[in-house]
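The (2E)-geranyl diphosphate binding site annotation in Swiss-Prot covers R286, D323, D327, R466, N469. Among the features that Swiss-Prot reports, Mg(2+) 2 binding site is placed at D323, D327, with the record citing similarity to another entry. The feature Mg(2+) 1 binding site is assigned by Swiss-Prot to D323, D327, with similarity to another entry given as support. Annotated motif 'DDXXD motif' per Swiss-Prot: 323-327, in sequence order. Taken from Swiss-Prot, the feature Mg(2+) 3 binding site applies to N469, T473, E477.
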Amino acid sequence: MDAFATSPTSALIKAVNCIAHVTPMAGEDSSENRRASNYKPSTWDYEFLQSLATSHNTVQEKHMKMAEKLKEEVKSMIKGQMEPVAKLELINILQRLGLKYRFESEIKEELFSLYKDGTDAWWVDNLHATALRFRLLRENGIFVPQDVFETLKDKSGKFKSQLCKDVRGLLSLYEASYLGWEGEDLLDEAKKFSTTNLNNVKESISSNTLGRLVKHALNLPLHWSAARYEARWFIDEYEKEENVNPNLLKYAKLDFNIVQSIHQQELGNLARWWVETGLDKLSFVRNTLMQNFMWGCAMVFEPQYGKVRDAAVKQASLIAMVDDVYDVYGSLEELEIFTDIVDRWDITGIDKLPRNISMILLTMFNTANQIGYDLLRDRGFNGIPHIAQAWATLCKKYLKEAKWYHSGYKPTLEEYLENGLVSISFVLSLVTAYLQTEILENLTYESAAYVNSVPPLVRYSGLLNRLYNDLGTSSAEIARGDTLKSIQCYMTQTGATEEAAREHIKGLVHEAWKGMNKCLFEQTPFAEPFVGFNVNTVRGSQFFYQHGDGYAVTESWTKDLSLSVLIHPIPLNEED
């Protein structure tokens with residue numbers, strides 16, 4: 001069966017387990033006076049996706065045993081004696097292959113040992129070593145000051161001219177510069193210097209492998225990349241290297257396929273849930289289950305976080321529909337009623353809404369309450385008040401944007417972003433993920449409420465998600481008649497051209513990343529994995545909106561990656 005079809009499958013729809021009776025309204029299905037969304041139907045065949053739950057890629061037992069054996073070999077490799085730069089390069093390869101989560105403690109132990117080593121002769125005056133050391137240490141929570149790059153400057157304070165010929169060093173410097181904080185001017189200089197020189201030489205690099213790495217990095221730096229997506233690309237790339245370690249490559253392929261088989265089962269179960277709700281038949285809203293699962297894998301791909309992915313995908317799929325109701329389909333009166341019901345977390349008054357909108361609302365309630373029940377059963381914590389609060393806050397932000405649209409009000413960029421960093425909806429997913437993963441002794445009503453208050457880490461995550469979304473979707477959304485986005489707000493406020501406005505928003509993206517980077521080192525009540533969730537949702541947005549709206553419209557780049565990450569296992573050699 002093909003993974004794609006021209007329209008969603010006409011599978012049997014089972015009755016949704018609603019908590020209220022929806023009274024039909026006169027003219028409830030009328031499209032009169034409603035704006036057209038112009039959304040294309042999902043290109044994914046839901047019958048095929050459901051089949052993944054039972055006929056997913058079964059990893060053979062011999063491959064599971066082989067993976068365990070190779071894992072021990074790689075662990076010994078990490079702990080083995082080698083030159084410091086070689087150790088850093090091994091760790092870099094492991095991370096890019098998507099294997100960091102398998103060797104978290106070993107990697108941190110080796111990096112901390114290199115950090116404590118008082119000898120600096122191996123990295124000082126070596127651009128590649130200095131930059132790679134800086135990036136890997138910061139990525140793994142060990143602070144290194146930007147001053148380590150001072151030795152690479154000449155007497156005039158500029159980077160030494162001979163460094164322009166060191167392509168590998170420039171690439172490492174480029175990647176390191178994206179971990180900078182606000183006020184770290186030296187790293188800003190490093191970013192400009194490395195970007196300029198890499199662009200100058202990218203077409204004339206003699207090594208094909210290095211040339212591909214440079215072009216890949218210039219398209220998207222590692223720090224902005226989703227680990228699971230990057231791993232799928234890098235496994236193929238690593239196989240082409242002259243000095244490839246066969247056992248490391250084999251383990252990376254096996255582990256990728258093992259995790260993929262788990263993801264396939266999860267996706268199949270989610271597709272069944274989606275079809276059973278009946279929401280896949282609503283044509284006036286986006287049908288985005290597959291995109292949301294890809295996003296869930298960007299947020300957290302590790303096998304042990306299946307419940308986090310499940311809740312995040314369900315909520316995100318409903319969020320897209322609720323967003324469309326507020327942005328395009330619902331009348332202002334209907335949106336007021338919808339918001340009031342969610343704010344009270346009480347379905348009284350739902351009979352005042354059209355059936356289609358009521359279906360979305362009831363599925364939202366049922367899903368949130370089920371997640372809350374699972375939390376109470378599994379963790380002994382009542383999370384429903386916090387999930388309900390996140391939904392209520394989100395709907396109020398949506399309503400504000402709808403009122404702006406209906407009144408013709410044009411917000412300033414600052415006003416728009418203050419509302420938009422919450423209306424982008426990731427606070428809801430992050431609150432739920434926090435409730436699911438926080439250490440139980442630290443999980444309290446107050447700590448959960450703090451996440452809902454949008455503290456700095458969550459704020460930067462929301463801001464970046466909003467900015468990426470606007471860069472990718474604003475043109476299509478304005479054509480549909482949606483609320484003005486950040487680009488249009490800036491144009492209206494300053495008189496700038498669209499091109500200039502886009503450059504300004506891109507500048508805000510770079511600055512917001514600096515704020516996020518600093519948050520990763522500041523004292524907060526949060527720990528892993530929650531900190532990583534915040535950063536990784538942004539990386540998912542970067543992927544979907546890098547070349548346009550790859551979320552609402554299944555573009556070739558999102559479709560191809562979805563197939564390679566979720567559907568097709570990596571081929572193994574016959575002897576494997």
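Each residue, glycine too, has its Cβ placed from N, Cα and C.
The model shown is predicted, which means the values in this text are computed figures rather than measured ones.
Overlay of Swiss-Prot feature records on the structure.
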{"residue": "R286", "record": "(2E)-geranyl diphosphate binding site", "Cβ neighbours (10 Å)": "20"}
{"residue": "D323", "record": "(2E)-geranyl diphosphate binding site", "Cβ neighbours (10 Å)": "20"}
{"residue": "D327", "record": "(2E)-geranyl diphosphate binding site", "Cβ neighbours (10 Å)": "22"}
{"residue": "R466", "record": "(2E)-geranyl diphosphate binding site", "Cβ neighbours (10 Å)": "26"}
{"residue": "N469", "record": "(2E)-geranyl diphosphate binding site", "Cβ neighbours (10 Å)": "22"}
{"residue": "T473", "record": "Mg(2+) 3 binding site", "Cβ neighbours (10 Å)": "22"}
Max pairwise CA distance, angstrom, over record-listed (2E)-geranyl diphosphate binders R286, D323, D327, R466, N469: 18
Tally of DSSP helical, extended and coil residues in the motif 'DDXXD motif' (323-327): 5 helix, 0 strand, 0 coil
Rounded distance in angstrom between the Cα atoms of D323 ((2E)-geranyl diphosphate binding site) and T473 (Mg(2+) 3 binding site): 14
Secondary structure of R286 ((2E)-geranyl diphosphate binding site) (DSSP, helix/strand/coil): coil
Integer Cα-Cα distance in angstrom, R466 ((2E)-geranyl diphosphate binding site) to T473 (Mg(2+) 3 binding site): 10
